[in-house]
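Here is the structure we will look at.
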Amino acid sequence: MDVTQSNATKDDANITVTPWPYTETAAAFIILVVSVIILVSIVGNVLVIVAVLTSRALRAPQNLFLVSLACADILVATLVIPFSLANEIMGYWFFGSTWCAFYLALDVLFCTSSIVHLCAISLDRYWSVTKAVSYNLKRTPKRIKSMIAVVWVISAVISFPPLIMTKHDEKECLINDETWYILSSSLVSFFAPGFIMITVYCKIYRVAKQRSSTVFVAKNGLERQPSQSETCFVRKDKFEKESPSSNSSESNQRQEELDDIDLEESATSDNKPKSSRFSNRRRVDGARCCPQRTCRISWVSSQEQSSKQLAVASKTKVAQMREKRFTFVLTVVMGVFVLCWFPFFFTYSLHAICGDSCEPPEALFKLFFWIGYCNSSVNPIIYTIFNRDFRKAFKKICLLDCAAHLRDSCLGTLGRLNAKCIFECHQKSNQEETAN
């Protein structure tokens, strides 16, 4: 929200514009820094979008929030920051009152949408933690897209007033500076969503802490599960058993003992085996267990069951660890967003309450203003530093682009050099895909 006043003055017939507020060196430095911010914002957030849409590890429905958030940051970098930079360097608004109204509305829209996105993400995480089974079944792409649409509608409603409350002046672009509007817009656009985010993440932390204190440990890592077919206790001397091991010493050791076996019974008139699952084990007689049927008795292989259970447990653990990493990353994103925008909104609101008595220095206020814009370029950096899945996806995207350029250059070579180059390109791409 640009509240920088212009240095333009009007005479009766002519418009006299004061010199630029910065020296050439200072202006060049500011342009360079802001250009880097714009470039990082666009490239980084485009990478985020491509990574979420193409990486298998990032294709969860809830990550669509990150795609929408990245789109908002790209729009800030393309439709807001360049005009703010021009207004800052020249010292007056050059683009007319009509675009000024749209510019201020877009500024409020994208800033508000960013924090409302983070608010929606925090609620999504909270529901996934507190209502894991029921909510995760409802956590479909369609539902997430509906939530994203609501986020943008809320942001659009909040950003509508600047279109009708802008001061119409060809040489300055100022938003409504009335106290009621400053306080209400700051409350709705920042403080209220920020309070909701912080409260929700505190609850998530509390729930996670309670769960981590309750640990269920099964002996040997797994509990014994009943087999899919009927499980009986049968005396060894009444049946001829097929055991994986025909060792005589093992047979002597098991003799006259009641052992847990897997009974697969098939009727002579049926080709398909009939199996039934019993939750309670029963002690039965051999004749009652298989009356006039072809019976095959084999020892239960706990190794096969254990391997299946380990595979399921491993997948569940990987999903839980990925969810924890993402929750941590989003906590960092939320914290950085608050740190970037809090100084601006605090001084903006404080000035509306106290007036000139607590007005911050102009240079400090401008610094807070531009720190808020820097947030658009920070999220991709956070994803890269703190999340391994994003790091792998970014690396894969960059390497694939590099491999594509190498292939293009290979097409210009001849003979064996061409074939060798193409082979190396494919090899690098395949190695990277295998590693991921």
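The backbone N, Cα and C atoms fix where each Cβ goes, glycine too.
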Record feature N-linked glycosylation site (Swiss-Prot), assigned residue among ASN14, ASN375: ASN14
Whichever of CYS71, CYS100, CYS111 is disulfide-bonded to CYS173 when Swiss-Prot is consulted: CYS100
Position flagged as N-linked glycosylation site [Swiss-Prot], chosen from ASN7, ASN247: ASN7
Same membrane side per Swiss-Prot: ARG56 vs ARG206: yes
Most Cβ neighbours inside 10 Å, all chains, among the disulfide-bonded residues CYS100, CYS173: CYS173
For the transmembrane segment (101-123), distant same-chain residues with Cβ under 8 A (at least six beyond the ends): 1-2, 62, 65, 68-69, 72-73, 75-76, 79-80, 83-84, 95, 147-148, 150-152, 154-156, 158-160, 162-163, 166, 173, 175, 185, 188-190, 193-194, 196-197, 200-201, 204, 330, 333-334, 337, 341, 372, 375-376
